Each structure stands twice: as C-alpha cells, then as structure tokens.
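S.K.: Below is one structure. I have some questions about it.
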Amino acid sequence: MDFCKARWKVPALCLVTVLVQASLSACAPTPKTYIVQMAASEMPSSFDFYHEWYASTVKSVSSSQLEDEEDDASTRIIYNYETAFHGFAAQLDEEEAELMAEADGVLAVIPETVLQLHTTRSPDFLGIGPEVSNRIWSDSLADHDVVVGVLDTGIWPESPSFSDKGLGPVPAKWKGLCQTGRGFTTANCNRKIVGARIFYNGYEASSGPINETTELKSPRDQDGHGTHTAATAAGSPVQDANLFGYAGGVARGMAPRARVAAYKVCWVGGCFSSDILAAVDRAVSDGVDVLSISLGGGASRYYLDSLSIASFGAMQMGVFVACSAGNAGPDPISLTNLSPWITTVGASTMDRDFPATVTLGNGANITGVSLYKGLRNLSPQEQYPVVYLGGNSSMPDPRSLCLEGTLQPHDVSGKIVICDRGISPRVQKGQVVKEAGGIGMILANTAANGEELVADSHLLPAVAVGEAEGSAAKNYSKSAPKPTATLSFGGTKLGIRPSPVVAAFSSRGPNILTLEILKPDVVAPGVNILAAWSGDASPSSLSSDSRRVGFNILSGTSMSCPHVAGVAALIKASHPDWSPAQIKSALMTTAYVHDNTYRPMKDAATGKASTPFEHGAGHIHPVRALTPGLVYDIGQADYLEFLCTQHMTPMQLRTFTKNSNMTCRHTFSSASDLNYPAISVVFADQPSKALTVRRTVTNVGPPSSTYHVKVTKFKGADVVVEPNTLHFVSTNQKLSYKVTVTTKAAQKAPEFGALSWSDGVHIVRSPVVLTWLPPQ
C-alpha cells in the first residue's frame, strides 16, 4: 500500500497508528506557503468573522489524517489580509493547494515567491532645493500631512535624517504604531518616524526561525538598504553629510517634511511575498499616502502577482505606489512590477561624479571612478607593477574575476591587479586582492556593463573603468615587458556632461505582459546616491569591513524608486485630492528626454540615444509636475476594463473585481484604450489596418485655457489627432480626443515619438510607440 496517498482513520494507541504515523511523516509532502485570495462578499452567514471562515476553509482541504487538534487549521494560517487584499496566507502541500483552488469563495491560490532588493545632490539636480520644498510644505498645508510607507529592511532611527525637528504633531488620521523588539523601542519613533512594523511569518514558514543572535527581530535596520531608501524619499535636511569626504553637502530627501513609516519585510534570506502582502495591507490600513517598494522578482501574470493585486487594492484606497523597475539591464524585456496602477521607475545618472585616474607606464591616462578613502594610498609620482591574470580565450578565467581563493600571493603581491566585473560583488574583488597581497585594483567592465561606471567605497586603492578602457589596460599589461601603473583619486566633481544618462543596469522594456502599456513609466536618479545608512552595516556591506558610516553612496533602481515616491508625496501635499493616476500622469507628462547638453538623453549601455523602452516617459521634473496643466486620470472601473482585454477567465478577473457582480462592459477595443499618459499602438493581425485610441484629459490649470496638439511624424504610419485643439472653460473639466494611426509602411523595429498638448505655458507630453508584429 502507498502510505503517501492513503487516507487513514485508525484507533488511537494502536501499533498500526504508530507505524502509519512514521510512514506518513517519512513521505509526507513538505508544506509550502500559499497566498489565498477570498471573495469577502461570499462569507457564509454561519461565520461571524473572516478568520473563522478562513480556518474552516483550510480545514476542509487538509490532508492531515490526525484530527485531534481542533486548532490545527488556525496554526497553519500565518497571515490574515483585510484591507488592500482579502484572504490569508497558509502552509499547504501541493494537493491541498489544488483543492483550495476549487473551494467555495476562493478567488486565487498564489505560491509564495521571494523578491530581492533592487540595490544629496539629487534634490538640487531635480530642482527641488530648500526654497521649493519649503514653499510646498507651507503652514497652509498642515492639514494635508503626507505619510510615505517604505517596504524594505527596516530603519536606523538614530540617523539625523529622521530628526523630527520643526515637525508638528503626528497626523490625527494616522493609525499606525511603533512595534518594539530587540534594539527598538517606542522611543525610537517620533514625529518623523510615525510607524515601524515587522513582517516575518512567511520568511519563517519557509526558512525556519530567524536566528535572533545575529538578526534583530525588530524594525531596526541592520542592512542599510531600508534606511537609505527611507531617507532618499523623505529624509530631513542634514548639514555636512558625506561618505569619506565624497559627495559633501546637505543630505535631504525629496519630501523632507513628509512622515515616514517603515515596514520591515526583508531579512537575510530575502523578501517573501506573503510578508510583503501583509505589509501593504497593513500600511494601507495604517493610513499611508504613498508606498515606496524597492523590490522585485520576475514578471508574473497580473492575477498571479501578489504585489500587483495588493497594489491594486492600495490604488483603490487612494494610495500611490512606486516600485523599482529592476536591475537586469541592459537586457531587453527585463522589467519587473509591470502593472499599470504601479509607477515603475528606472534609474539614471546625475551631474555628479567621483573621478579617479589610472596612469599606465606607457603614459596613457585612463579615467574611471572611485570612492576609495584610506591609508593605503599609492603615490601618483610612482609606478607600481600591474598584472592581469586572465587569458585570451573567450572562457572567463576565475583568476581574472578575482573570485575568492583564486589569487596567489606569488602572482599578485605588491602589484595592482586588473579584475573583471561579474559573478562576485565589486568591492569583494578588492578584498580578495588585498588578502592575497595586492596593493591596488583596476576594476574593468565587461561587455555586459559597457562604459557605465559605478563608484564604490573600496577597501584598497581601486578604480572602476569602462569596457574599452579596461581592454586597453589589459592589453598593455599583457604586451609590455614590465607593465606598471598608478592610481589617483579626484574627489567629487559636479556639472558632469552629459547628464542624465539612463543607467545600463536599469531594466528595459518592452512590457512582456502588455505591449500596449509602456514601461518603465519614468526614470529618476539611481546612480551614486548619497543617503543615510545603518550603524550596524559597513559601507561595502562586507562582513570583513569594519568601517561604519552615517551616510553611504549606493546605485540601483532601489535608489530611483524612493526619489519618485518622495516627489509623489510633494505632489500629494500640494494636491491632496488627486488620485494616484493623476499624480503618475503629472510625473510622466512633465518628464524630459534631453540631457544638459540639449541632446536626446543617452543610454549608458550603448552610448546612443535612449528610447521609451529605456526611459519611459522620460526623466522626472518635480517642479513642473506640481503644475502639469492637464492630467490623465484612471479609476478602478477603467483598470478593470483594461484587465478585461487581458484574456483572463472570470475567476482570474475576480482577483481584482472581488465583487462577483462586476462584469466586463467591453468598452475597450484593446488595452491601448486605457487612459494611460503614454500611447503604445500595436499592429498585430492586419498591419495595414487603421487603429484608433482614445484619451481623456482633465484640466488642473487655469479655468480658461486652450491647448493645441503637436505630434511626431513617423516613417511607418500617419498619426491624426482629433480634435487638434482643446478649449477648457473650467477647472477639472474633462475633454476627450482620439488618435488614429494608419500604417503606410510596416516597420521591422518599433518607432518612437511623442504627442504633446500645449497652452503656451504648459507642455503635456506623452510618448508614442508604434509596434508592428510579424504575421503569425
């Protein structure tokens, strides 16, 4: 008999029971965490509370053969969700999960997933210095106090970036709390940090209990990432902030007078979706206005993406959600967080850099970047032996990558070592060189990184260089009889041209789920960003690094996301009645696509002009976003009509409608009809067919105003906008227009352009993408 499949009911205290129990425990499937979405309106009247219904549902599908534990079902439930999402997370085996999907009232059963972190000159670069932010956060707006919720690794409350000096009482609307734990008390919250919570049930259910001797089961941040993102979004001004003297100045968040609520969802083993969902649910209930989520995994179907579903619920409650686009660039189709109700943020550079120079023995100077500041400086007047241990084959040599255990002292002692990027962390390569007796490192980009430079606080003198410069250094080291070099460091340099540039690591479109929805939405500063740091973490995040700093410089879409969240808080403070879609529209339609040399913004991966697949609508312009003139609004019903174009089953659609009475009205001919601030038209079956999309704009500028349209000329199609003039006579008046696209000559590659409305003061710009799919 197959004990693994048999269902047993045998008397207690029986030898057979003992044998069956032993057999079942040996072959029973391992339970996993599943997120179960329920139709709240279908709870049977026999239950008084949702959690009773949930426990009964779990019990009904339980494959456990021993029924002597009445509350077994309740103990298997690790979360109940009530606000942005209705349902629970529970430990189930595969068979139970399949049965659960068929149970009454169940809308969806989603397996637990693990998301990863997408790891201050920026306010000035964005044009929101003290005078602008002070004007926005005037006394007249005190009733519209904004709270930014940050889902991350926690917070370091002692940082001066979280000082509550000059802030009024905690907003009366706020329902959050300060959760205590080891190293964190209620005294760590103040009028700036108004809330701090932790979520770990999903993590522990999958990975076992948190080791509390090494990891703090409290909101305190031991990693630094959460402190950095929270301070970037809403940090208070701090004078003389710097990292080892680099990037010195005033560190200030985008919305320095906004409140912060920290939701710790990431632990040493990752960020688990059931915990993230619980945090979003709680944050919305607490009363946050904006959510900053610098996390992501792969691209899942909307109805299988728990963060997408939770963000939809947050949107319904008026909460703006910003998410990082991911760091999987420059590969195309590498984006995460693709839902149209999420603002997806890519990364770009600023006009600040940290130059360093490699001077080779042949007199050639190679320019790179570095944040090194230590006692082991090399003399610019002296030359030192340089070595590259890679070969000429296309296969990477572990020694060329400077991986742990690959470098021998007799090869590198007393030398500058050239290390290729890849596989191991950049700073760790320098540690390997140092431990083997090397005196410096040239960190060379490979083809995957191109010419993009990211500065690091290295543990020995080190300079990061681009692929071309790195190849030159490697060729010299291989060809010269006695190759030498030296390294020098130039501190902080402002006014870098061109900037901004789209970061090579920033994930790219097109949107793999829905080509008609352009992603990313915008780009924002995400390279070499200075912000507050945890006192428990080294600036390199290496355990062997004993240095501690108050501020650190990081790069990633994790850094660009809180920039947008903070600017969204500024807009919310100025326009408290605006919907999340209106705020997103303001950010997108005022974004710019040219750098500070007045040329099209470039892509660091190619050195060529970037496209909307890299930069979305463009680089955010916060001051213009405060007064956009017109906005594209989208409500819950519109998003549901969009979902009706996504070939979902009625049950899949109900993960968003929740209410079984809601049905598709089929008012959209395609996903292009969603009132999105970007226009993406896809020719599929009939390339020569004329396609029409419709948009509605709301006047948020002067009551009486007239806008004229301007649209790019395309090679492959004629684009006609009707009407070509919009006359507004009142504030909040809505007017519609249609865009008809007729193919002239189908193009093999997408075409990019723009549609802009202007009244002479405001320019309301939407990127336009035309895509011709090959015949099936």
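Cβ coordinates come from backbone N, Cα and C, glycine included.
Nobody curates TrEMBL annotations by hand; they come from automatic prediction.
Pulled the feature table from TrEMBL, pasting it below:
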{"type": "ACT_SITE", "residues": "D152", "note": "active site, charge relay system"}
{"type": "ACT_SITE", "residues": "H225", "note": "active site, charge relay system"}
{"type": "ACT_SITE", "residues": "S558", "note": "active site, charge relay system"}
{"type": "COMPBIAS", "residues": "214-226", "note": "compositional bias 'Basic and acidic residues'"}
{"type": "DOMAIN", "residues": "33-118", "note": "domain 'Inhibitor I9'"}
{"type": "DOMAIN", "residues": "144-602", "note": "domain 'Peptidase S8/S53'"}
{"type": "DOMAIN", "residues": "383-472", "note": "domain 'PA'"}
{"type": "DOMAIN", "residues": "673-769", "note": "domain 'Subtilisin-like protease fibronectin type-III'"}
{"type": "REGION", "residues": "210-232", "note": "region 'Disordered'"}
{"type": "SIGNAL", "residues": "1-27", "note": "signal peptide"}
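Could you place these features in context, so I can see how deep they sit and what lies close by?
M.R.: The C-beta environment of D152 (active site, charge relay system), restricted to residues of the same chain at least 6 apart in sequence and closer than 8 Å, consists of L117, D221, H225, G226, T229, A230, A262, Y263, K264, V265, C266, S292, S294, L295.
In this view, H225 (active site, charge relay system) is surrounded by 26 other Cβ atoms within 10 Å of its Cβ, with every protein chain counted.
Counting only same-chain residues 6+ beyond the ends of the compositional bias 'Basic and acidic residues' (214-226), those with a CB under 8 A from a CB of the stretch are 117, 119, 150, 152-157, 178-184, 188, 196-198, 200, 262, 264, 266-268, 294, 533-534, 536-537, 541, 552, 554, 558.
Note on the domain 'Subtilisin-like protease fibronectin type-III' (673-769): mean pLDDT across this stretch is 95.
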S.K.: Can you count helix, strand and coil residues in the region 'Disordered' (210-232) using DSSP?
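M.R.: Result for the region 'Disordered' (210-232), in helix, strand, coil order: 8 helix, 1 strand, 14 coil.
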S.K.: Counting by DSSP, what is the helix, strand and coil composition of the domain 'Inhibitor I9' (33-118)?
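M.R.: Per-class counts: 29 helix, 27 strand, 30 coil.
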